[in-house]
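S.K.: Starting off with a structure, shown below.
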Amino acid sequence: MSSTEKRLLKEYRAVQKELAEKRSSIRDTGIVDLHPLEDGLFRWSAVIKGPDQSPFENALWRLEIDIPTNYPLDPPQIKFVVFGEEKIRQMQRKTGSGTRKVCYKMPHPNVNFKTGEICLDILQQKWSPAWTLQSALVAIVVLLANPEPLSPLNIDMANLLKCDDMTAYRDLVHYYIAKYSAYESNDV
Amino acid sequence: MATFTDPLDSITDPSDWADSSFPNLSKLDSLLRCHICKDFLKAPVLTSCDHIFCSVCIRRSLESDKKCPLCHEETYESKLRKVLLLDEISSWFTRNRPELLDKHRPTANNTPEPVAAPEPEKPAVPLRYESRKKRAAEEPLVECPVCSTFMSADELQTSHIDSCLANKRARPSPSRPVISSFFKKERTPQTQPEFVKKKTKITNLDPTISTNKLKEKLNYWNLPTSGTRHQMETRMKEFISMYNANLDSVNPVDDRVLINRLMKWEGTYSLSKTAGDTEEDGAQWRRKYQKEYDELIKQARANMNRINTKLDSTD
């Protein structure tokens with residue numbers, strides 16, 4: 001077992017234990033789910049909840065995580081799972097198959113609207129091997145409540161913030177959550 | 001996910017103590033862990049910013065980024081100082097952890113999940129024996145007036161005092177061997193074996209080193225010179241990290257053991273995988289952009305045809 005795999009197993013074990021508890025600190029940070037995919041330890045999937053007192057409050061998003069072979073020296077690649085309009089409509093038609101209602105669009109100044117890529121310094125050059133997948137996800141949840149309009153990946157959302165039009169910003173986020181959420185299929 | 005369950009049992013983390021009768025031990029458990037590998041500290045070293053990591057972990061990390069992973073302050077390999085006492089504490093804890101965990105296990109009926117109890121069930125007999133031993137240890141000890149040995153009052157009164165008085169001379173006083181055995185102890189704490197003192201750390205690899213010089217270097221350390229330049233470089237770098245980290249350990253191993261570990265590391269991790277990954281990436285890339293490629297090829301062919309027909313018509 002390589003040191004990377006060993007460390008990932010440790011993280012997996014710690015996270016599973018915490019998620020199994022009904023009231024745990026991991027849930028308070030907004031992490032709803034975090035587990036590796038079937039095909040090994042190097043691809044993970046996560047679900048986060050929008051932070052309280054932000055426009056993203058209470059809605060859920062799914063993230064996919066790719067782990068580089070020399071993790072934790074290199075940061076994990078994390079992005080939001082976003083789909084095109086058509087695919088979301090299809091999923092909405094099959095409603096009731098899953099238990100979790102997830103939003104498949106992420107309107108946020110620091111998230112690429114088309115690809116779901118996230119612009120966050122600690123996921124790039126400021127990454128430290130002392131961080132974990134869990135702490136990286138917490139940073140993403142915090143980013144949702146604290147957008148950084150000066151380094152935007154979504155210029156439209158950033159402009160709303162720069163104009164200080166909080167009503168438009170909040171309503172747009174609510175619109176996307178209402179329109180593009182779907183129950184996810186059980187196989188994810 | 002069945003593949004994860006087997007290795008998981010050998011994976012420990014501080015939350016193992018949560019259901020024990022002394023959950024506070026999880027604090028000690030987490031304090032003794034390296035922030036990079038999340039495992040117990042091995043050959044811990046202190047950075048110039050007063051943070052502690054496994055020697056090999058921080059050396060690998062500093063190779064890519066000369067910053068402390070905890071405080072982001074600039075840190076250099078040359079500034080790392082070994083902390084032998086902590087190495088001893090950490091290895092003691094690692095060695096005794098299974099037993100400690102076992103002794104602090106809650107009674108059988110409140111351990112519902114098998115995940116929480118990775119240690120195999122102990123048979124009833126040793127358990128009872130242990131509890132007797134424990135009880136004995138808890139009783140205040142008294143000194144035998146004849147031979148000055150400490151033991152439980154019960155033992156002294158029932159059997160020892162008589163036998164001690166009966167053959168006082170035949171029984172060597174246990175207090176003397178204690179002193180001599182103290183001096184004969186395997187090794188004084190917080191010292192490394194002599195052979196380490198003769199060794200010096202290998203300086204980091206100069207990235208502009210010629211391939212021949214690199215091969216010479218590998219040969220010098222009895223390392224294989226197979227593979228591409230990149231593979232040789234990675235091998236040499238990892239060996240330097242391992243070798244230097246070994247010199248920070250309170251229980252250093254022989255160079256041959258290190259080479260063995262290096263070969264294992266190469267097998268399970270980096271070289272084969274990085275080579276495989278690039279191929280896989282290529283295949284993925286091809287699959288991902290297949291449509292665009294097809295489209296481009298089609299366009300190029302159409303252009304060619306148009307030019308050809310144009311040429312034909314001008315002819």
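Think of each number as a place in line: the chain as shown, counted from 1.
Just so it is clear, glycine is given a Cβ too, placed from its N, Cα and C backbone atoms.
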S.K.: What range among B:102-121, B:182-201 does TrEMBL record as region 'Disordered'?
M.R.: B:102-121
S.K.: When you scan the chain for residues with a C-beta under 8 Å from the domain 'RING-type' (B:34-72), skipping those not six or more beyond its ends, what do you find?
M.R.: 13, 79-83, 86-87, 90-91, 93-94, 204, 237-238, 240-242, 244-246, 248-250
S.K.: Mind looking up the mean pLDDT for the domain 'SAP' (B:206-240) in the predicted model?
M.R.: 89
